[in-house]
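A short worksheet on the structure shown next.
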């Protein structure tokens, strides 16, 4: 932040461009932010439900959920305070997604003193972060497999590892053997297709099924959900939240699902 030129990066990061938001569409901006929340908090694939089942009965789930959301937001905000000022300080164009990690940041490290050291450390820590994300996703699969089959963890892992490798191959082949396959037009790959399916289809639908199961009479039911979530110390789910969780949240998820489809096929 203290380097020359970083002030412009802070303005780029912290000062909203309302004209640009209107050009893109306010609802599209909100939908993008909420889709990011689905992804970063693993809301639509059941990982949080699995981790929540490991929490002891001494802690209420709403309080722990709030802690996770606050910490996740803090880490993301702090990362932005580091990355964007550095981009402008070293004259590197800011970007997002894979380009940010594999193009923008390496260019920044190339301009920094001891850049190779900091770059090496960054990608080592990034590997650990990616590994922890994989563990979070796989824990959901492992937990369900063990519950449904009664197998122990080692046996369940042995059965799922070949399956996960096989399911990962299309994404790998999309950059070489299948690079002619462009599901959404020229320049797109299998990874773009998988990203669309996960981010715009499975995560919203998974979240919708989860919230309806917890709050509706056809599922677990509101009273059972509230009783389980409020067990222990911490923030409690209040009765007045029932209407919000039963009707407003599903409506928001359905809207995000529709906007995701519209943005992809009817821009």
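Using N, Cα and C of the backbone, Cβ positions are placed for all residues, glycine too.
Residues or ranges marked as transmembrane segment by TrEMBL: 37-56 (among others). Sequence-remote contacts of a segment are chain residues at least 6 beyond its ends whose Cβ falls under 8 Å from one of its Cβ atoms, and for the transmembrane segment (37-56) they are 64-65, 68-69, 72, 76, 136-137, 139-140, 143-144, 198-199, 202-207, 210, 232, 256.
Per TrEMBL, transmembrane segment is recorded for 68-93 (among others). Proximity of distant same-chain residues to the transmembrane segment (68-93), defined by a Cβ-Cβ separation under 8 Å and at least 6 residues beyond the stretch ends, is recorded for 1, 3-10, 12-13, 40-41, 48, 100, 104-105, 107-108, 111-112.
Residues or ranges marked as transmembrane segment in TrEMBL: 117-138 (among others).
As annotated by TrEMBL, transmembrane segment applies to 159-181 (among others).
Look at TrEMBL and you will find 201-222 (among others) tagged as transmembrane segment.
Distant neighbours of the transmembrane segment (243-261): 27-28, 31, 34-35, 38, 199-201, 204-205, 207-208, 211-212, 214-216, 222, 237; these residues of the same chain sit at least 6 beyond its ends, with a Cβ under 8 Å from one of its Cβ atoms. Positions annotated as transmembrane segment by TrEMBL: 243-261 (among others).
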